[in-house]
């Protein structure tokens with residue numbers, strides 16, 4: 001009976017003695033031996049609540065007890081004892097509440113203990129981050145939308161995420177999973193209605209009917225005002241929970257204890273925001289705890305209670321003139337319907353509108369709870385709205401071109417109590433991406449602080465130039481410090497005041513502590529603390545109501561050419577661009593993997609530039625360098641290096657600026673980094689060198705630090721501007737078998753003299769991949785100068801050629817064929833490689849013959865000639881027939897060399913810089929003879945705009961590769 005009595009549910013308000021008795025009994029019954037670093041694997045009954053007790057303070061414990069009492073209220077007056085399952089559910093909910101307040105992930109802790117109770121072994125889940133993509137389309141989508149189009153967007157986003165992860169975030173490879181949550185198209189009815197209101201809707205043939213007569217900004221406002229909107233939010237919550245439960249049951253989600261991030265597009269972002277806000281309040285948590293769930297720290301909610309008397313009381317008076325939404329929340333007077341015209345009474349659905357008003361109030365119940373606490377006896381009450389809630393806690397929330405700012409502005413107009421201060425989504429951080437020309441998007445920061453309309457949004461770094469970030473700080477505290485004159489008291493610059501703005505400096509001082517708590521708790525760098533300490537007094541008032549510790553508005557690059565497009569076409573273009581944008585994907589990866597705030601120790605010999613982009617750039621050693629490099633683009637390159645296992649390892653790089661190497665980087669620091677363990681993704685800092693007068697550095701890896709057999713990415717980073725050159729160091733065992741391909745001779749099907757892309761011979765990629773699959777090392781060789789490396793590598797990457805070592809001539813040479821022969825001979829003599837097959841044109845026959853290759857191993861693409869018929873094998877029928885012959889006969893076999901060398905199979909990574917090829921100043925010779933197509937003629941304009949370039953002279957689509965540069969003799973370079 002004593003045991004049953006302990007399990008019985010206490011009456012309301014009697015939770016405190018029950019929990020105190022448990023604590024006392026635990027302290028009495030516990031043994032004298034204490035193990036502070038050990039924790040029981042089995043958490044049963046009362047012990048489950050004590051998990052992590054050392055992380056709580058006394059105030060949290062009192063709040064836990066009050067929360068437990070409220071969790072027990074729905075169980076009745078204690079007429080029946082509480083079952084063990086109900087008790088475990090209460091304990092689980094209590095533990096989740098405590099974790100939310102501490103900003104710890106709530107999944108996995110209690111669930112792991114439950115698995116242990118059942119005797120199931122613990123499994124380590126490889127998924128660390130779950131990205132739930134809420135895809136609702138853009139505001140112009142009609143009907144339910146094409147499911148195949150939504151699935152195609154998710155597939156595109158997943159493929160871009162994988163490529164970027166492989167290229168620059170290898171440590172995250174396989175640990176981030178994307179799941180698709182379809183959302184209803186809530187704007188379809190509004191779009192249909194507004195389209196019928198077009199003044200030219202009766203005349204389809206009229207030219208003006210195709211103009212911009214659709215008020216795009218009104219569509220989301222009409223959509224969220226519909227009484228059916230709450231059903232859409234409930235549907236999204238249900239679908240997200242279903243996807244999450246299926247994920248937990250799958251092989252990728254067993255034992256999952258990572259973070260869950262939400263990504264919402266134009267329409268999905270609206271639904272996701274309301275779902276997050278609703279999940280914070282109505283069920284399970286008290287209003288106080290629910291508002292903390294999405295806040296930065298628990299102390300930030302104190303100002304809400306302090307100012308509610310002045311802010312919300314004034315909102316009661318202001319809301320009298322609006323639609324009768326907040327009247328049901330008044331305590332003093334009953335609800336009175338607004339006087340309406342007689343013609344409106346027959347079509348005005350009062351019940352539906354009241355239900356919708358209750359839904360709006362329930363979303364932000366944490367704000368309006370104090371205003372409505374206990375209605376007067378006999379007074380009207382809003383109907384109960386139950387939409388469910390997320391089964392998971394949201395870590396980061398990313399918005400893609402969402403009109404959420406307009407929606408919140410409308411709601412704040414209708415319900416003045418729903419100001420940015422109180423409306424706090426239940427997540428750690430909100431990121432809102434948008435293009436400045438996107439008619440669907442709007443800013444959010446001016447809603448939280450009106451003065452932010454004078455602060456530009458954060459520019460998302462271009463992935464091609466800064467794949468790991470450009471070093472700018474995203475912290476709100478740093479932004480306030482940078483623009484401190486704007487936020488000083490009395491410098492409002494005619495900005496409208498907030499409803500909850502403090503009336504006097506003493507009130508502002510009450511917000512100082514929450515702001516400091518947020519800055520210190522969210523940032524791991526010393527710069528944020530110093531910035532916060534230097535912030536003005538009013539900064540703490542802003543940080544107390546902010547949705548996270550970082551900036552919220554992020555602007556993506558938007559080319560000026562889009563101004564020529566019709567406005568109604570822009571939502572489709574921009575919506576498609578988010579799923580393909582490597583800028584967005586790289587930014588999300590940096591935030592999710594916390595690459596922005598990693599502390600690097602020089603003693604660990606890690607890469608401060610790669611792993612901590614927030615570090616400031618160093619000044620140039622020479623004053624003239626900054627002047628020389630003005631308005632020129634970096635054209636750095638580092639040679640791929642092949643070294644023998646027991647031989648020297650020499651890294652060579654050249655750092656030039658301008659399209660024709662007009663400026664050399666002289667006398668400046670360059671960091672040399674190598675990824676010694678490619679699977680870990682960690683860059684190791686080898687050394688720092690100074691460039692010579694020609695912009696070159698040569699670094700001989702010391703013997704103690706030489707690398708073993710394998711392929712290692714190498715990066716050379718310029719200290720002054722963080723530009724870099726990428727290459728590979730390959731350490732081979734003796735006798736490694738290779739296959740050589742001449743890029744121009746074997747791959748290019750046309751000679752480009754007009755600036756267009758060289759065509760690829762059909763089947764060429766398949767033949768290269770065939771040799772790679774057999775284990776051979778691929779060598780790409782060309783007589784072109786190394787200044788064209790970025791362009792050639794980007795062309796190979798664009799056509800998915802397998803990964804291999806690429807070798808160029810050292811500058812402009814008189815006889816490129818002789819240079820080829822010398823280079824290959826040195827590889828054979830110094831690195832002890834064996835060439836098993838060689839491909840090229842008729843000009844390469846002499847090169848391969850000098851190396852001693854038999855005719856059976858030389859494959860020439862082109863028409864047979866009697867002169868060379870006995871010196872090579874002509875592939876007159878193309879690569880497709882040749883590949884079939886290789887697979888059918890025994891001409892190709894797996895390599896016989898040392899099995900210690902296992903080459904990674906794959907294509908060229910995204911470190912190639914395709915924007916290098918499309919810049920107009922690189923194509924001066926060809927622009928005068930070839931006019932680009934107008935934007936309207938682009939068959940896939942949305943794809944073309946997904947990765948716009950950072951310079952204004954990239955407005956028109958230019959060829960991705962032009963090889964018509966250099967001396968005239970280069971037209972015949974093999």
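For all residues, glycine too, the Cβ spot is worked out from N, Cα and C.
In summary, of the candidate residues 226, 484, 612, the record from Swiss-Prot lists phosphoserine for 612, whereas the others have no such entry there. Range with Swiss-Prot annotation region 'Disordered', chosen from 353-398, 399-444, 491-536, is 491-536.
Swiss-Prot marks one residue of 946, 950 as phosphoserine, namely 946. Looking at the stretches 251-274, 323-346, 539-562, the one that Swiss-Prot records under the feature region 'Disordered' is 323-346. When 31, 85, 209, 283 are looked up in Swiss-Prot, the one carrying the note phosphoserine is 31; the rest have no such note there, which does not rule it out for them.
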